[in-house]
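Undergrad: Take a look at this one; I'll ask things after.
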Amino acid sequence: MFEIGKDYTREQIHSVCGGSKQAFLPTKNGKVVAICLRPELNPGAPEAIVCSSSAATRAAGRTLASQKEAVPVFIKGATDRYRYAGQFTAAGSLTTPPDCAPYVVNSGFTLGQISRVVRMERVNGGISVSGGANGGVNGGINGAG
């Protein structure tokens, strides 16, 4: 179960949501199942997610931008500790350099390294999510991926 403001490890997040333990946008069955952000790369988090131009991040960012389901968002604090910020859905996607420019400031990226910025909005002020190997998240996404 995820509780707003509580810290979790990537292993704990993975055991509930599935997907990669390393990717900041882990996917499973064609959906982004969690968002694990480093504040130094995403200073506007959780409302704005900066996606780099690497192939994997471009694909995951495109998936997130078109996804309707809410996704749990975590912000990294200490080593392997991610604070749960709540459930968020994509509210828009910016792909042109002039639109992305304000979000790149203080992100550690240059404008040329960015493929898109996904704007997010909180759903219901945050939802507790339970799951695990036999539980479910976001309509049936569960287990290890």
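Each Cβ is built from the backbone N, Cα and C atoms, and glycine gets one as well.
Below are the features I grabbed from TrEMBL:
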| type | residues | note |
| --- | --- | --- |
| DOMAIN | 8-92 | domain 'DUF6697' |
Undergrad: What average pLDDT does the predicted model assign to the domain 'DUF6697' (8-92)?
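TA: That region's mean pLDDT is 96.
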Undergrad: In the domain 'DUF6697' (8-92), how many residues does DSSP call helix, how many strand, and how many coil?
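TA: Result for the domain 'DUF6697' (8-92), in helix, strand, coil order: 20 helix, 30 strand, 35 coil.
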